[in-house]
Every structure is written in structure tokens, then in C-alpha cells.
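Over in TrEMBL, the protein carries these features:
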- 2-143: domain 'Sodium/calcium exchanger membrane region' (DOMAIN)
- 66-89: transmembrane segment (TRANSMEM)
- 123-143: transmembrane segment (TRANSMEM)
- 163-183: transmembrane segment (TRANSMEM)
- 170-315: domain 'Sodium/calcium exchanger membrane region' (DOMAIN)
- 203-227: transmembrane segment (TRANSMEM)
- 239-260: transmembrane segment (TRANSMEM)
- 272-289: transmembrane segment (TRANSMEM)
- 296-315: transmembrane segment (TRANSMEM)
Amino acid sequence: MSVILVLAGLALLVVGGDFLVRASVGLSFKLKLSKLVIGMTVVSFATSAPELLVSLHAALDGVSDIALGNVIGSNVANIGLVLGITAIISPLGVDKDFYKLNWPMMMILSFALYYFLKNDNVLTALEGGIMLAALIIFLVILIRSSRKSNKANLEDVDDSLAVVSNFKIAVWLLIGAAGLYFGSDWLVQGAKQLALAIGISDYAISVTVIAIGTSVPELAASVIAALKKEKALSLGNLIGSNIFNIAAVLGLTSIIKPIVVNPATPEILSTNIFWMIGFAAILIPMIIIPKRFEIGRLKGMILFGAYLLFIFIALK
């Protein structure tokens, strides 16, 4: 039953997230927001909604291990699993601007999260608010920078949603909200039952099974694009997802319900958060050595191999 709940929860999260993105973009067009702002804020927030609902549901349910494991695991999976497998299939070119803003912000937030948690084993509402405020400032700078350079990646914004009726947007919002609510609830309950059944912690399930599950849509889209020899993914978007996971998902969750590190899972601060920071940090030397601004098959294999090692240690 626990496996069915986990799979059904993941499926509902994927469907609910997709409908929420469509509804959010359609509504943003109605509000006359520019395509640039929609792509960089609305789409990013909407695509982080599944992780947000899972973390929020877990925190309110008293299992903050799942809230933390979901984000730490997702950030590791984005680089080790999604980027690693995609690069193995088809080498990826890297935008030279990514290390000027996106990467430093990801590193700052990663270290900030570690500091806040290490300080008193709690991510408080104030600390969550600081990270959320940092995200808003980052987005303002990013939008201004993109307007000046005209390099914004707007492929995620579907122009056809500009002419969608208000009724359809409302229906999509309802479907999306219902999918995210019930999907996150089933996933958290299923994860707790599964952890109990196989004798491992809630955290171990969240940092592996849940994190992989929430990364599947991105992985599938990237693999299909790579096989078709199309542009598989944007490293900037992948890093952006990690930024939103820390600042928006954990930031908003901790504002509503402070996230406490469970003394029974010391590996959160002693091991796994360093994996998250390590995967983020390794991108710079990996991109500039030996072939500049490309992640080829060998680098992809290294990332994926490191991810498999992370999973093995997490489940040990």
C-alpha cells in the first residue's frame, strides 16, 4: 500500500504541477505581465510548487526530515542525475554567463542553509524570510540583467496560453491545486509507511525516492530532447531550480512552520548537505577543465557515478 501511495502521489504531483504552470502563465498574460517576467518568476515558482507542497505538508505533519530531504535530494538529483544522464547521451554546451550570477547565488544559499541549520538545528521563520528576500532581490537583478543583454531564455513560456479563457484558467487552477494537495499528502504518508516497512528513516526515503520522483519530469524531457539532438536543457534553468528549492521551498515552508533537524538523523548536517554543496561547487572546475564551457560524456559519467554513490550512502 505504501508503494502505491508514493507512486500515486508522485503522479498527482506531476499532473497538478503541469496544470498549475499552465494556469499561472495564462493568468499572467491576462494581467499583462511581460513574457520575460513570466518566464523568470511565474514559471519558476509554479514548477517548484510540487516540492513546496511536499515540504510544507511534511513540516505540518511533524516530519521535517522529509521537508529537508526533499530539497537536499532534489538539488543533488538535478546535477548528478538530470545533468549527468543528459550529458552522457549528448554533450552540453554551457552559457558563459551562468557563473556570473546563477552559480554564485546557488552557492550563497547553500552555505546560508547550512549555517542556519548548524547554528541551532532549526530553520526559523526569520531565516526563511531572509532567504526568500534574497531570492526576490536576485530575481529583480536577473530580470534587469536579462533585459539589458536580451539573453533571456523564454522557451518555457507557451504563447498559446495568452488566449486561454478565464473559465479554462480557473479549471486548470482547481485541478492543479487539487493534484498538488492530494499528491503531496499521499506522497508524505506513503513515504512514512515505506520507511517504517523497510526499516530506514523518513529522511532516507525523502532524499532518494521522493527526490528522484520529483526530478523525473525534468529528466524525461531532457533525455528525449538529447536523443532528438535538440537543446536538452539549460544549465541556468537547472541552477535556478536549485535556487528556488532552497529559497522559495524551504524559505516559505519555514515561515509557515519552522523546520527542525531531527536528532535521529545527524547525517543531514554531517554528510548529505555537504553532498549538495559539493555537487554545486564542482560545476565550475568541471566546466572550465579540460574543455571550456562544455559538459561532455566523461563529465556526465562522473556526475552520474557520484550520484549513485550518494544514493548508496543515503540508503545504507
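Every residue, even glycine, has its Cβ placed from backbone N, Cα and C.
TrEMBL labels come from automatic prediction, so no person has curated them.
Applying DSSP to the domain 'Sodium/calcium exchanger membrane region' (170-315) sorts its residues as follows: 117 helix, 4 strand, 25 coil.
Long-range contacts of the transmembrane segment (296-315) within its own chain (CB-CB distance under 8 A, at least 6 residues past either end) are made by residues 73, 76-77, 79-81, 83-89, 91, 200, 204, 207-208, 267, 271-272, 275, 279, 286.
Residues 36-37, 40-41, 101-102, 105, 108-109, 112-113, 116-117, 243-244, 246-248, 250-256, 258-259 of the same chain lie 6 or more positions beyond the ends of the transmembrane segment (123-143) yet place their CB under 8 Å from a CB of it.
Within its own chain, the transmembrane segment (239-260) has Cβ neighbours under 8 Å at 44-45, 47-48, 51-52, 55-56, 59-60, 64, 67-68, 70-71, 74-75, 78-79, 98, 102-103, 105-106, 109-110, 112-113, 121-125, 127-129, 131-132, 134-135, 138, 218, 280, 283, counting only residues six or more beyond its boundaries.
Residues of the same chain lying 6 or more positions beyond the ends of the transmembrane segment (66-89) and with a Cβ under 8 Å from any Cβ of it are 51, 54-56, 58-59, 110, 117, 188, 191-192, 202-208, 210-212, 214-215, 218-219, 222-223, 226-227, 232-233, 235, 238, 241-242, 245-246, 249-250, 253, 259, 261, 268, 272-273, 275-276, 279-280, 283, 295-297, 299-307, 310, 314.
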